[in-house]
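The structure under discussion appears below in the form of structure tokens.
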Amino acid sequence: MRKILLTGFAPFGAEKTNPSWDAVQVLDGQMIDDARIISLQLPSEFDVCLQVLEDAMRAHQPEVVLSLGQAGGRADITVERVAININDARIPDNIGQQPIDTPVAEHGPVGYFSSLPIKAIVQALRQHGIPASVSHTAGTYVCNHVFYGLMHLLPNHPSVKRAGFVHVPYTPDQAAAHPGAASMAVTTMTAAIRLMLETTLHTAHDIHVSGGITH
Ligand code: PCA
């Protein structure tokens, strides 16, 4: 049986919910073509999140691993291009740890690129009326830590053909506490995740369109 491992995070910081998990949770057991989705919640903790992820990769031997987290304040779904080998926590994690300028992996490379078809995913989401863009930073907190750690683990998990990370914005009820912030309903996020997975299974080579930015 082909399997897809889908992860979201526990709530962190001042938020009581984390839509990355709420959107992922409902997909547990659903099929994309002949691949079954396994949904997993990761703790928002530097120390243990990668162990929980690797245990699940070992147990399920997935073909695709898609991890999601929340980036409140971003305007749309952001498909991450690159993970970097640094932890620099702006706030403590859920067990009070706040690493500053430590590597995710001692002696690891500076960064890893996503192996998802990130441009094709953004295009598919936009074609279905869901706002999305390529992001060139997953931050330096727990999400980047998991994204980098995931890519670093891949040589030990040959079942995994594609892996990457996506951030979701606030939900409307979260945004109500952050006036002016953009938001997206969890049901839209869930539909977006199904589209991302379909696009990943159906796209052998990413499309050649610009997802770049100028500053
Ligand atoms: N977002 C945080 C960690 C957990 C989450 O959902 C981040 O972007 O690092």
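Glycine too: its Cβ is placed from the backbone N, Cα and C atoms.
Around GLU80 (active site), the same-chain residues at least 6 positions away in sequence with a Cβ under 8 Å from its Cβ are SER114, ILE118, SER135, THR137, ALA138, PHE147, GLY164, PHE165, VAL166, HIS167. The active site annotation in TrEMBL covers GLU80 (among others).
Secondary structure at CYS143 (active site), taken from DSSP and collapsed to helix, strand or coil, is helix. For CYS143 (among others), the entry in TrEMBL reads active site.
The DSSP secondary structure for HIS167 (active site) is strand. TrEMBL lists HIS167 (among others) with the feature active site.
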In all the protein chains shown, the tally of other Cβ atoms within 10 Å of the Cβ of HIS167 (active site) is 23
Close in space but at least six residues away in sequence, with Cβ under 8 Å from that of CYS143 (active site), the same-chain residues are PHE9, SER67, GLY69, ALA71, PHE165, HIS167
GLU80 (active site) falls, by three-state DSSP, under strand
